[in-house]
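*Asks:* These came from Swiss-Prot, pasted as-is:
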BINDING   G116, S117, N118, A119, K120, S121, T122  ATP binding site
Amino acid sequence: MSLIVSDRFRIVVGLGKSGMSLVRFLANQGVSFAVADTRENPPELATLRRDYPQVEVRCGELDVDFLCRADELYVSPGLALATPALQQAHARGVKLSGDIELFARYAKAPVIAITGSNAKSTVTTLVGEMAAAAGKRVAVGGNLGTPALDLLSDEVELYVMELSSFQLETTDQLNAEVATVLNISEDHMDRYSGLPAYHLAKHRIFRGARQVVVNGQDALSRPLIGEGLPCWTFGLNKPDFHGFGLREENGEKYLAFQFENLMPVRELKVRGAHNQANALAALALGHAVGLPFDAMLASLREFTGLEHRCQWLREHDGVHYYNDSKATNVGAALAAIEGLGSDIDGKLVLIAGGDGKGADFSGLRAPVARHCRAAVLLGRDAELIAQALGDAVPLLRVDTVQAAVEHSAKLAQCGDAVLLSPACASLDMFKNYEERGRVFAQAVECLS
């Protein structure tokens, strides 16, 4: 049975990955719709014309009168709701919605909903692996991998969804079984008026949630709504009731729940305090939906991390090389610098820079001074980072990732680690952060 009123007209705005999933979904529901995109040649245009030749599509500047033919616009997350044409249509009574709102209406199985400025892909993947190890028929996606609407199936027993602030802007009621904001730090300041607006967008994830998971060391992760809901916490401190954290016994550090040690930290294959926090967050989310500890701990012991996320590449001349190209904001870079820096015997040589998206880099100064031997800077906002770091460590400016690797190898000493953690987006020099990470990995491989 369709939950969409079929005699109304919709327009899908944005023909990328999520937009195409909306097209497939609406077509299967028998709904009348059209498509619009600000780009002249959007990524999925050929697919749309091949599979749905009857669907009207408008490319280029958005036509407000065309948009106002619809009762509802399904806006892809890549397009800001502040876009004038969307605002004008909304002012004339057209509802703005998105794919996650539709997903929430149709999903029959419980949903674990995960957002945060950093670590959401790692935690989402890890929880999905835990659920699979527990024998659940689990579907994992959203902002990560498969679009939400493509995951819908009566066979699914549990959904694990990574959600971005952009997706949550068009989601009124998610109704997750358990929801979390892993952490909040400045990101996408080129799209938001400031941190409060970004914070409010993230916290839409808690609307209708039955349980919440809170980062006990980040006050901004605590829900603005939902007092009285079951609440589980995680953090790198000693846990108390309903809490996941770290306990120390006889010189050994353990992942723990309440007053019980679960497993030694040394058994994790991923290094750094930030990865310990990710493991604890995943345990809290899994526990909230009843996943058994034996399956969750077995998954933790096997988890080797995700590509481009503080990923160990190789050891060369006593120096370890880590690819954290996914660190596209200051908060992510801070997590890697603090987490890895406190976990190695030597110092870090940091490679950073790119498109800062209007971020404030001043928060990097203290941890860089504490954990780094030097910083090698590149990209559009290298000078802004240099100004923020001041005289905290020696600075070197280069033009390419290859040069950054070569100079970092000379600066590093035995026992050190070279860390690519840019604190910036990659689009000033690369197609995406994945390409940046691959170029870095290739340069590291070429060291001899």
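The backbone N, Cα and C atoms fix where each Cβ goes, and this holds for glycine too.
These numbers come from a predicted model, not from an experiment.
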*Asks:* Determine the minimum-neighbour residue: among S117, N118, S121, T122, listed as binding-site residues, which Cβ has the fewest other Cβ atoms within 10 angstroms?
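*Replies:* Output over binding-site residues S117, N118, S121, T122: least Cβ neighbours within 10 Å is S121.
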*Asks:* If you skip the near sequence neighbours and keep only those at least six away, which residues in the chain come within under 8 angstroms of K120 (ATP binding site), Cβ to Cβ?
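*Replies:* Expected: I114, N143, L144, E162, L163, L182.
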*Asks:* Where does S121 (ATP binding site) sit by DSSP, helix, strand or coil?
*Replies:* helix
*Asks:* If you draw a 10 Å sphere on the Cβ of G116 (ATP binding site), how many other Cβ atoms land inside?
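*Replies:* The answer is 27 other Cβ atoms.
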